[in-house]
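Record features, source TrEMBL:
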{"type": "ACT_SITE", "residues": "S287", "note": "active site, nucleophile"}
{"type": "BINDING", "residues": "H127, H236, E472, Y511", "note": "Zn(2+) binding site"}
{"type": "DOMAIN", "residues": "37-540", "note": "domain 'Neutral/alkaline non-lysosomal ceramidase N-terminal'"}
{"type": "DOMAIN", "residues": "544-703", "note": "domain 'Neutral/alkaline non-lysosomal ceramidase C-terminal'"}
{"type": "SIGNAL", "residues": "1-26", "note": "signal peptide"}
Amino acid sequence: MAPLKCLWWPLVTCLLVTTSWYGVCALADYREDPSLYNIGVGIYDATGPVAGVNMMGYANPAQINSGLHIRLYSRAFIIDDSQSRLVFVSVDCGMMAQLIKLEVVKQLEEVYGSLYTTENVMLSGTHTHSGPAGFFQYLLFDITSQGFIQETFDTMVTGIVQSIKMAHDSMTPGYIYVTSGELLDASINRSPTSYLANPEEEKAKYEYDTDKTMTLLKFTDVDGNGLGMLNWFAVHPTSMNNTNLLVSGDNKGYAEQLFEEQMNPGSLPGQGKFVAAFAQSNCGDVSPNIQGPLCQDSGLPCDMYASTCNGNVHWCWASGPGKDMQDSTRIIGERQYNKAWELYNSDTFEPLSGPVQFAQQYINMDNYTVQLQDGTTGSTCRPALGYSFAAGTTDGPGAFDFTQGMTEGNAFWNMVAGLLGEPSQEQIDCQAPKPILLDTGDYNYPYPWHPHILDTQLGRVGQLAILAVPGEFTTMSGRRIRDHLSDTLTAAGVSGPIPVIAGLSNVYTHYVATWEEYQMQRYEAASTIYGPHTLEAYMQQFAYLATNMVQEQAIPPGPSPPFMIDDQITLLPGVMYDAAGIGYSFGEVIAQPYPMVYAGETILAKFVTGHPRNDPMLGRSFLLIEHMVDQDTWETVATDASWSTRFVWERISSLLGTSSATVYWDVPEETPEGIYRIVHTGHYKTLFRGIDEYSGTSNTFKVKTSLSKAPSICKVSKRGANKEFWSR
């Protein structure tokens, strides 16, 4: 570890690594008050391309994005005790990638020197399945996106770095409080038969088959003014299903918006000082689609072991509590927000008190030796995916004839997979009872398909311990590693430890099931790529980190991971050119909004547009909803980051390069009466001049608050919008 000892540094050094003397050195000293920390929070746009790029999460090649529901953000929290500093970042993305963390730290080191490193910077993904793909350095994750997408990678890196810089610049002395509470109506277990395979005495310790506990941190300055909120709650952001084509932060993204809106009155999304992050935890088998899986062709229950309807998975999927996927996203988001708001304003907090510490080590997960409870040893395996990986889940079914729970292969798929390379007998034995579909650990063309060197990382703030785990732990896997770490920290001298799992952190490695769940070989087990002893390996590794961290013992860095950005292949064509079409100009309004709309209804305008991939509008907006304050003054009341808007792009002709963009505004009930207009800004690409910006403005329209009799055109518009985009 490389602890920050700012008080020992010469003034010149301190000024070089901070934006001002008050950035670090004039702040609180933990040694004088163990509950006083230096705290910084920051938020920045990390959305990426919103059209023409595959979504990351469902691995559905047909899910090519075509617009924007709400923007994605990076939210950073810096905690410092004057001796050591920890950074935790929660990003609205599918998961964190090793390449992104390495590049983020590289850029931070160029500005701050050794202040921020791979050891003390934690990056975690919320796991939305509605963000752009193509940001990994391992081939398997980029197959459906047709390779590496530079725009996605660049935007995510920029968003994360900028959020950390904002947190760095905002540091101030303050306090951190922790509390927790149960949220019962936002999640179900999507693999209940696997959960039931765990030991009876272990299951008897818990009332539910998913973790219902939300653990929440409240950040304040020394005067008690709120700076930020960070919570961990286990649930998949898959309320938006695999038919959604609009980029979205899903239920956690909406919960974040609601909390920040409440704490930043009058601010637009992503622009307030208070930062609220709804981070991910052990969500591996946890679904927000609480109506449960049904056969969509018959309405009957799916087979509970194989998740099939008449023998196949295609018609077996689960639904959320709403009338469509946007409504389900709203409901599950609101429930997380309501619980967080209740906890934030409760009187059940205890202050965090004690040192800031961190421990990190790279390990080779191909052959990590594990000490088993019976006194024998086991080992992890080279990565491999089982047959049921291809079956998908009840949140997003897979394809072909794969089903969940497959413990045997078949000759046809063995032959197909064998074209890539057949697994050795040693690998077959190591991964058993998983029938190997893809032996990815031995696939290295054109570069490795899966990671071998993993980032394991642990952070401590007083009694709180953050486990930055590189994957999706199932409910029981999360419970076991938390309990094990709590015992380890207690034995090392930490009083009343509070361990939390930060899922999908630093590098993505699919799932982590318990040994018992692994025997069932449902999707989560088939996607436990390092074999049946994966969980035991992580339990052993994080206990090692915890013991040495508390005792301040040096930890060897381990083998260095590859940095393969120069090896990446991209097969997705870029934008060739845009054309407005004969007789049209970019930004021209081809469908004007109706002259009057009632609050609670939907209004739209359609524009001649260029391809959104020309510029992701980082930190900006493709649309503005403006309210006329006086004759010459307009006030922005909503952007493309707002829940009430949607930006929908359509390529009319690929040959001619013509496109249109439709802006929808669901006028909130509380909208004041007045005159409004819709503004669209974008970029178009020419064959010779490069990329140019354009803008267009709609006619004005009136918003009325009375709903006694809304115009029929508004009602049709609203129904059409729901039918078109949120049909499931």
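The backbone N, Cα and C atoms fix where each Cβ goes, glycine too.
In TrEMBL, annotation is done automatically, which means it is predicted and not curated.
The number of other CB atoms found within 10 A of the CB of H236 (Zn(2+) binding site), across every protein chain shown, is 28. Sequence-distant contacts (6 or more apart, same chain, Cβ under 8 Å) of E472 (Zn(2+) binding site) comprise H127, N282, C283, G284, G503, L504, H510, Y511, V512, E524. Cβ contacts within 10 Å of S287 (active site, nucleophile), excluding its own Cβ and spanning all protein chains shown: 25. Counted over every protein chain shown, other Cβ atoms within 10 Å are most numerous around H127 among the binding-site residues H127, Y511. Shown in sequence order, M95, Q280, C283, G284, V286, G471, G503, L504 are the same-chain residues outside H127, H236, E472, Y511 whose Cβ sits within 8 Å of the Cβ centre of the Zn(2+) site.
In the predicted model, the domain 'Neutral/alkaline non-lysosomal ceramidase C-terminal' (544-703) has a mean pLDDT of 97. Between the CA atoms of H236 (Zn(2+) binding site) and S287 (active site, nucleophile) there is a gap of 5 Å, rounded to the nearest whole number.
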